[in-house]
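Novice: Sharing the features that TrEMBL gives for it:
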- 29-130: domain 'Dihydrodipicolinate reductase N-terminal' (DOMAIN)
- Gly34, Ala35, Asp36, Gly37, Arg38, Met39, Asp64, Gly100, Thr101, Ser102, Ala127, Pro128, Asn129, Phe130: NAD(+) binding site (BINDING)
- Arg65: NADP(+) binding site (BINDING)
- 134-259: domain 'Dihydrodipicolinate reductase C-terminal' (DOMAIN)
- His157: active site, proton donor/acceptor (ACT_SITE)
- His158, Gly167, Thr168: (S)-2,3,4,5-tetrahydrodipicolinate binding site (BINDING)
- Lys161: active site, proton donor (ACT_SITE)
Amino acid sequence: MPWTAREQDDAGSCAAAAPTSVTVGSVFKVGVFGADGRMGSEVVAAVQAADDMELVAGVDATDDREAVRGADYVVDFTHPDAVMDNLEWLIDHGIHAVVGTSGFDEDRLERVRAMQAAKPGAKVLIAPNFGIAAVLMMHFAQKAAPYFDSTEIIELHHPNKADAPSGTAYRTAELISQARHEAGTGPMPDATTSEIPGARGADVDGVRVHSLRLAGLIAHQEIVFGTSGESFKIRHDSMNRASFMPGVLLGVRRVADLTEPLTLGLESLLGLD
Ligand SMILES: NC(=O)C1=CN([C@@H]2O[C@H](COP(=O)(O)OP(=O)(O)OC[C@H]3O[C@@H](n4cnc5c(N)ncnc54)[C@H](OP(=O)(O)O)[C@@H]3O)[C@@H](O)[C@H]2O)C=CC1
Ligand SMILES: O=C(O)C1=N[C@H](C(=O)O)C[C@H](O)C1
């Protein structure tokens, strides 16, 4: 069932969603796609708890998207198979989108840019990871990459995750590959000539990514760098899904003012690029 502002009022338990300390004009009117999911339900709670935000509606797979029509912003945590259609609808309706759903490669990003060119107005922020420490992990990995002969990524997630490798690992690999390319670093040494398929992980832009799915985990990633006589590891752990919420709310607050129609990652919002 979709959550609506009216239902919150009726329930009488979500006073934070109807802020009294700010003028109506400065309230961020937010909708949530994937509202019944693990992330979406956290976003619903975070929006309701934010003094400067009002939850217009939460929409899940079987609900009508029209419920978010009154929103200026929609946060999408759905499924890689659903998110492109959701984005098309949001862009068409001039609603800014803050997207956490994974599955974005260059082809998809190009399609989003094309949608925005055809119907300018709505800004789109797609962040492979809204954890502030996770963004720092990716940033530091990019900085370290040119100094090492070898870099591999191990991502570890809960077993209910639909996609592999994770969006974070995919983006980290892209950033590492880009940094190595810009620095003129050669290919990574690897003498493997005999292999059971998958044993060396997935090749993402020349970076090997190994995906573990383990009960009890949330979201974790380790980047292992190696060079002669030294190795270096960067590790990030998300202990709960609330950890993503400061980044999501930052995205909502800033997306409309972003310079480009489409922004990938939280880096520019954190002054990291
Ligand atoms: N960027 C980041 O920081 C993070 C990104 N993620 C990503 O977010 C996505 C969601 O993860 P998670 O919350 O764990 O997944 P869940 O499966 O728990 O939640 C997804 C929800 O979206 C619903 N849904 C599916 N299609 C639609 C649609 N068209 N419209 C509205 N709702 C829909 C699903 O319904 P149903 O189950 O009925 O299909 C489900 O309730 C994944 O891609 C994940 O990788 C996750 C954590 C952090
Ligand atoms: O599905 C998840 O849980 C997560 N998905 C994102 C990803 O694919 O990178 C972000 C985080 O790793 C949690």
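Here the Cβ of each residue, glycine as well, is placed from N, Cα and C on the backbone.
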Novice: Measuring Cα to Cα, how many Å separate Arg65 (NADP(+) binding site) from Gly34 (NAD(+) binding site)?
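Specialist: About 11 Å separates the two Cα atoms.
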Novice: Measure from each Cβ of the binding-site residues Asp36, Arg38, Asp64, Thr101 to the atoms of ligand 2 and list the residues where some distance is under 6 Å.
Specialist: none
Novice: With the cut-off set at 10 Å between Cβ atoms, which of these recorded positions ends up with the most neighbours? Options: Arg65, His157, His158, Lys161.
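Specialist: Most Cβ neighbours within 10 Å: His157.
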Novice: In whole Å, how far is Asp36 (NAD(+) binding site) from the residue listed as 'active site, proton donor' when you measure between their Cα atoms?
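Specialist: Here the two Cα atoms are 15 Å apart.
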Novice: Can you count the other CB atoms that lie within 10 A of the CB of Gly167 ((S)-2,3,4,5-tetrahydrodipicolinate binding site)?
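Specialist: Other Cβ atoms within 10 Å of Gly167 ((S)-2,3,4,5-tetrahydrodipicolinate binding site): 20.
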Novice: How do the residues of the domain 'Dihydrodipicolinate reductase C-terminal' (134-259) split into helix, strand and coil according to DSSP?
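Specialist: In the domain 'Dihydrodipicolinate reductase C-terminal' (134-259), the DSSP-based counts are 48 helix, 36 strand, 42 coil.
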Novice: How far is it from Gly167 ((S)-2,3,4,5-tetrahydrodipicolinate binding site) to Thr101 (NAD(+) binding site), counting Cα to Cα, in Å?
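Specialist: Approximately 8 Å lies between the Cα of Gly167 ((S)-2,3,4,5-tetrahydrodipicolinate binding site) and that of Thr101 (NAD(+) binding site).
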Novice: Around the Cβ of Thr168 ((S)-2,3,4,5-tetrahydrodipicolinate binding site), how many other Cβ atoms lie within 10 Å? Please give the count over every shown protein chain.
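Specialist: Thr168 ((S)-2,3,4,5-tetrahydrodipicolinate binding site): 25 neighbouring Cβ atoms within 10 Å.
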Novice: Let's see if you can do this one: DSSP helix, strand and coil counts over the domain 'Dihydrodipicolinate reductase N-terminal' (29-130), in that order.
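Specialist: Helix (H, G, I), strand (E, B), coil: 39 helix, 23 strand, 40 coil.
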